[in-house]
Structure formats: C-alpha cells, structure tokens
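Novice: For reference, Swiss-Prot lists these features for the protein:
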TRANSMEM  38-58  transmembrane segment
TRANSMEM  80-100  transmembrane segment
TRANSMEM  107-127  transmembrane segment
TRANSMEM  135-155  transmembrane segment
TRANSMEM  178-198  transmembrane segment
TRANSMEM  216-236  transmembrane segment
TRANSMEM  244-264  transmembrane segment
Amino acid sequence: MDYINAAILGVIEGITEFLPISSTGHLIIAEQWLGHRSDMFNIVIQAGAILAVTIIYWRRLVDLVLGWRDPVNRDYAAKLIVAFLITAILGLVVKKLGFELPETATPIAWALIIGGIWMIFAEWAAARRPPHKEITWLVAILVGIAQIVAGVFPGTSRSGATIFVAMLAGTGNRASATEFAFLVGIPTMYAASAYELLKTFRDGGAAGEDWTALGIAFVVSTVVAFIAVKWLLAYIRSNRFTLFAIYRIILGVLLLGMAATGLIA
C-alpha cells in the first residue's frame, strides 16, 4: 500500500469512526480502489481514532478518576464500568460462539439502511420527551449491549447504536447521550484493539507490514478524527442527527446497487 492510499484511508477512518455513519461501510468501498486493508492496518487506523477521542475527553476522564469521592462522579464512573463489562463479557461469549456477519456489501448496506431508519425514529421519540441529561442504569446496560450488536453486525456503527439506544432509553439530551457513548467507547475500543493486536502478532500477521505507511495512516486518522469529533460535538448542540440518518440510507442503497451490478463484493 502506498503512502497516499494509507493517508486517504486514514482520513476515511478518522471521519467515519465516531460519526454515526459506519466506518466499515465507507472503508469497504474505498478498498475497491485503494487496495485490501490488512488486519494490522485496520487496528492502527482505529487506534488513531480512539486516541483522538481520548485527547478530547482527557479532562473529563481525569476528573472521573481523581474525583471519585464525589457521589455524582462515582455514580457516572460506575455506569461506565458496568457498560464496559457488559460489552466485554458478551464480546467473549460472541467470540466463543464465533458469531459474526461477514464484512461484505449486502449485510453492511442493510445495516446502514436499518440504522438510518432507527436514527430517525430515535430522534422522533426523543423529541417527544423532556431532554433529560441523566444517565440511568438502564441506559448504561443497554449501551453495553448496543456495542456488541454493532460489533456483530458490520455497518451498524458503534457510535450510532450507542447514542440512539441511550436517547430511546431516556437520555433525551443529545450531548449527554453522545458523551456517555464516546466515553464507554474509549476502554471498549482500546481493549478490542489490544486483543486484535496480540492476536495479529501471535499469528504472524505483522510480518511484511510497511511501518511507514502504518505511521502515516495512524497520524492522519488521529488528526482527522479529532477534527471530526470536535465538529460533531458542536453540531449536535443545535442540530438533530437526521442528516446522518438520510446519508446512511442513501449510502446503503448505493451499496446494494453496487453489489447487484458486481461493482463491489
């Protein structure tokens, strides 16, 4: 993979990883022209996106750790931990059972379309409730489950699944739902990346990698994800997610058309 292609894929990952539009759906289209992504490459560009969100929320994370004596911080941190543990336990069960849909165009396309419809419904339902900021235990549990659903069904979008299940479960405030979804995603994605990285090294998948290309992709993904998430957090203060939902549906239909005509696997 040449350096320009690595940078382009880093841009795509950075934009799409935390926006509720599915990074998988975009990367599967891109690789038709830019070449197949190795497991190591996928891990590296995702790690860059996770690092960006960690940087954005570092003060919040430090506050949760150092301010554990505060009942509000302690309650919030406990809910983050429970959501993460639910994801981790269910993730191990799913891995053991070997249940995961293939990353091919058709299932990803349907996940995009169904997810877009789900987002429109969630916005409609949330608009009819008071914009509560509270993260309840029900929200924490459902967010933990939603992360696994997103992992099992490529194209769902982890951020989309978690944000909108939080909104439907009672956290009507978009900013609060998004913050909790992103904070839960930090340990979840670090753990998943570490697991996949160890597995890749153990299986010899790192042999022959172009480390310069990996470095470029990592840096680009980090910078672009930082900009994308900062923009998203500002956008949702006064806007709904409806445009993302419409975009998902259009992309899903496009993928179905490309699959039907043989342009994509």
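Using N, Cα and C of the backbone, Cβ positions are placed for all residues, glycine too.
Structural setting of the listed features?
Specialist: Under 8 Å from some Cβ of the transmembrane segment (38-58) lie the Cβ atoms of residues 1, 6, 9-10, 13-14, 17-18, 23, 179, 182-183, 185-186, 189-190, 193, 196-197, 200, 205-206, 209, 213-214, 217-226, 229-230, 233, all in the same chain and six or more residues away from its ends.
Panel annotation: around the transmembrane segment (216-236), residues 3, 6-7, 9-11, 13-15, 17-19, 41, 44-49, 51-53, 55-56, 174-175, 178, 182 of the same chain, lying at least six beyond its termini, place a Cβ under 8 Å from a Cβ of the stretch.
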Novice: If contact means at least 3 Cβ pairs within less than 8 Å, sequence distance 6 or more, would you call the transmembrane segment (107-127) and the transmembrane segment (135-155) in contact?
Specialist: yes
